[in-house]
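Straight from Swiss-Prot, the features:
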DOMAIN    146-221  domain 'Rho RNA-BD'
BINDING   264, 265, 266, 267, 268, 269, 276, 277, 278, 279, 280, 281, 307  ATP binding site
C-alpha cells in the first residue's frame, strides 16, 4: 500500500484498467524494445529497457514501432541545456518539467529537444508529437526529473478517469493521463476538475501516462475539493454586478451593448442573428472587452460546428481559451466537447470563480444533440425530437449568479432566417429562457450599417440592477426617440452621435443637454 499517494496501490489500479473499454485495439500488435541509456553517475551508465507497442486506436497511432539507443555521453549536458532554456525548471531542491507546455510548442521544436537528448534524426522525423513527448518523459524520468501535468478530468462510468487537454479540445487522445478510482474517491473528484500533479510514463503492459501525486485541484489545495458544495446546490440570483464592456478606444458595438442590453455576471444572454449579420465579429469584441477589463474573469470561447478558418481567426483575435469542434466532425464530438466545457465551468464556479462562456452557436449544439439522443418517437415540426432539447437547455440554464460567490455567464448565439424549420423551432424553444436578448438585424447589415443591432427589440431583464437611475432615465429617453423613427435611420444617427463622444458617460450628458 502506497501511503504517500493517498493510501492506494497505484500499480494494482493501473493493471486493473481495461483499456479496451475506451479504445478499440487492433490485433497482432508488435512490440519493440526501446533501450534507454541513462547516466546514473559520473563513473558508469546503465542500460534500461521498456516496452512500447505499435498500438492504434480510434484516434490514430499512440506509439510507433521503433528501436534505437540513446547514448549516455552528453545526456547530462543536454539536460543542463534544457534547464537553461527554462524547459526544465528547478524548485525546492528538485528538477521538474511541465509536460503540457510542450503540447503548445510546434512539433519541430519538440523534435529538436528530443534529438538534443540523443535521438537519431532519421527516427525522430517519423514520430508524431505525442510519441516524441512520450519518449521525452521516459528519458527525463530515468534522470530523476519530475514530470508535471495539468489537465481536465473526464470521469468514465467505470470509476476511473483521464485528464484531457485543451490542445485536443478535451477529447480522448494518446496524451491523456490515467487517474485511478482511488484518487477520484479520495478527493471527491468530478468531471471538469482541473488537476495538476506528478505523472509517470507507462510501464510494461500499460498504454497511458499515470497520475501518481495530485498537487492541486482547480488551482487550490486538494483537500478543498473534499468539502465543496455541488454546483446544483448553490443558490442562483439575478445578475447584480455589471460586466463593463467599455474601455479606452473601444468599438461602438460594446458601447451600445453597455447601454441598451447590459450584461451582468451570471447573465444568460442570447444573441439572435441571421446569417452574415456580424455575430462572430461581435463575439470577438465582447471577448476582448472582458479580457481587457477583467483579468480575474475566466473566459472560454466554445465554437460548435464552425469553419476551421474562423476557429483560427478567433484564436488569434482573443486572449481567452478557444475550444472548437469543426463542421467536419461528428455530432457526438460536438456534444462531448460542449459537455467537458460546461463541467469545467461548473467546477470553477464551485470554487467561487467568475466564468464567462461565449457559445457559437446554441442552435448548432441543439442540432448535434438532436442527432445523438435516442429517439423518443415524439417528433416536433422541423424534425426535432422532443427529448433532444433537454440537454442544450441544461447547458444554457447553467448560467447564473451565485449567492455563495462566483458566477457563470453564458453568451450564446442563436441562428434565425436560415431557411431551416429546425432552426426556427430551436430558436422558439430558447427564446424565453434567457434574461438578456441582443437582436441583430439583417436589413441593417445588408445596408452595411454595423453593428447591425436592433435597439428597439434588444434589452435585459432586471436592468435596474445593472444601471443607475440616472442612466436608466436617459436610456429610456433615447428609446422613446428611436421608437418614432425608422430602424435604419435611428441606429445610424445614434451611432454617429456616439462616435463624436469619447465614452458613454459623455454621450449621455450630451443627450441630456438636448443635443
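Cβ coordinates are placed from backbone N, Cα and C, and glycine is handled just like the others.
Quantities reported herein were computed from a predicted structural model and do not represent experimental measurements.
Of all the binding-site residues listed (268, 276, 307), 268 sits in the most crowded Cβ setting, with the most other Cβ atoms within 10 Å. The Cβ of 278 has fewer other Cβ atoms within 10 Å than any other of the binding-site residues 264, 266, 278. The 10 Å shell around the Cβ of residue 280 (ATP binding site) contains 18 further Cβ atoms across the protein chains shown.
Spanning the residues 264, 265, 266, 267, 268, 269, 276, 277, 278, 279, 280, 281, 307 that the record associates with binding ATP, the maximal Cα-Cα distance equals 30 Å. When DSSP labels each residue, the domain 'Rho RNA-BD' (146-221) comes out as 9 helix, 34 strand, 33 coil, counted as helix, strand and coil in that order. Under the DSSP three-state reduction, residue 280 (ATP binding site) is assigned to helix.
When pLDDT values are averaged over the domain 'Rho RNA-BD' (146-221), the model yields 87.
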